[in-house]
């Protein structure tokens, strides 16, 4: 574009800046456009070239399909590994919970048995004491009766 194609008109001047209006003159018929209006014509392709392009396209399709299948297989394998790991962790958790519960139940059983043994021992001590008191009383009673007579 030549400088004669553009006109600059000042609109207003402010402290924040200036405003301009640019007026572009219409293009002349003689000027050559910067870009071609139609795409360049393609050369005619031979049957061999067409066949090669079709084979290359088929090869690309097969390669893409193989890549997609490979990715799917990898994804399935990963899913299997994740599932196996989850099952293993679940089993480990179950075993640990079962062992913990068994240990707790054994501790409770031992505690209960110890408490029962302690109660039985106290009862035996009480029976022994009662028997001693009875013997002492019986041994004193006949003596008291003879003295009183």
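Just so you know, glycine gets a Cβ as well, placed from its N, Cα and C.
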According to Swiss-Prot, which listed range is region 'Disordered': 7-26, 27-46? 27-46
List only the single closest residue to residue 9 (N6-acetyllysine), chosen from the modified residues 16, 25, 63 by CA-CA distance. 25
Whole-number mean pLDDT, the coiled coil (41-140), equals 95
